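A.B. asks: Please read through the structure below; I'll follow up with questions.
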Ligand SMILES: C[S@@+](CC[C@H](N)C(=O)[O-])C[C@H]1O[C@@H](n2cnc3c(N)ncnc32)[C@H](O)[C@@H]1O
């Protein structure tokens, strides 16, 4: 059983992130990205009488990892509704909140989910299989301009306009519904050596749009800022520069745009104190053990 749990997802920066939460045995904690439950299990191992952990995940597949522990409550929801679910569970304030953003290895490894260009299958990419547009819906219905914006903003792809234009031309002939069909359309745009890297960017951009990741992150960060007790910790692991910028901004300035608001004396008004000024990243041993940890960045801030 243990091995099955491990293959769902190997937790990234496990000890530095959970240590950063400053767990007290009787405290109230939230893991907004439960996934394989690696971080949640470590948090639960540090809880005792009166301790409580809420674990969120919008993907029903994560339910197979639910921990049988009296201190644990699983919430199958998007973390953008953090505020509503805390209220529903009569929780006014929490001691620390952990977010380990993005998708899990399970998403990339399950050929049915459409997250990986290693497999053919439906172009889906929804973390919540019950809601919203799939990647195929987006590719077949968005305007050329909107597609170009997504590839540029979320994938930082230099040839975003060309990419959007070949997609729109191809879909005029026939709907693009599978990963195989999509790759046939876009692959000629990329040189052999950079092909994998560029495809990863295209898939990342689509995944972010399908799951409305930036909007959900923004709403969760504001709800988390509100929900934390003074002295409570916000602990976030990011995997790409867009989400990292948002997290850095909220921790430094209290807003996701990074607008500095100063008081009469010129001091920046922010709800947080940074615990680590420099981002924490996995060491070489962790990257070797788990190559998917390579792009991880951990930031920790304490509510004033
Ligand atoms: C990187 S994995 C977390 C792995 C987890 N820390 C572990 O150790 O197994 C991210 C998880 O968060 C979930 N997720 C991502 N965005 C979400 C959101 N907006 N609301 C709820 N769950 C989300 C994904 O479904 C995925 O299972």
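Cβ atoms here come from the backbone N, Cα and C positions, even for glycine.
Remember, it's a predicted structure, so these values are computed and weren't measured experimentally.
In case it helps, TrEMBL gives these features for our protein:
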type	residues	note
BINDING	37, 38, 39, 57, 79, 100, 107	S-adenosyl-L-methionine binding site
A.B. asks: Using the residues the record lists for S-adenosyl-L-methionine (37, 38, 39, 57, 79, 100, 107), what whole-number Å value is the largest Cα to Cα distance?
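C.D. replies: If we measure all Cα pairs in 37, 38, 39, 57, 79, 100, 107, the largest is 18 Å.
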A.B. asks: Can you tell me which of 57, 100, 107, our binding-site residues, come within under 6 Å of ligand 1 at the Cβ?
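C.D. replies: So the answer is 57, 100.
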A.B. asks: Report the same-chain neighbours of residue 100 (S-adenosyl-L-methionine binding site): residues 6+ apart in sequence with Cβ closer than 8 Å to its Cβ, ordered by sequence.
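C.D. replies: Long-range Cβ contacts: 11, 12, 17, 31, 33, 35, 39, 236, 237.
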A.B. asks: Same chain only, sequence gap of 6 or more: which residues have a CB within under 8 Å of the CB of residue 38 (S-adenosyl-L-methionine binding site)?
C.D. replies: 9, 10, 11, 14
A.B. asks: Which residue, of the binding-site residues 79, 107, has its CB surrounded by the fewest other CB atoms within 10 A?
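C.D. replies: Each of the binding-site residues 79, 107 was scored by Cβ atoms within 10 Å; lowest is 107.
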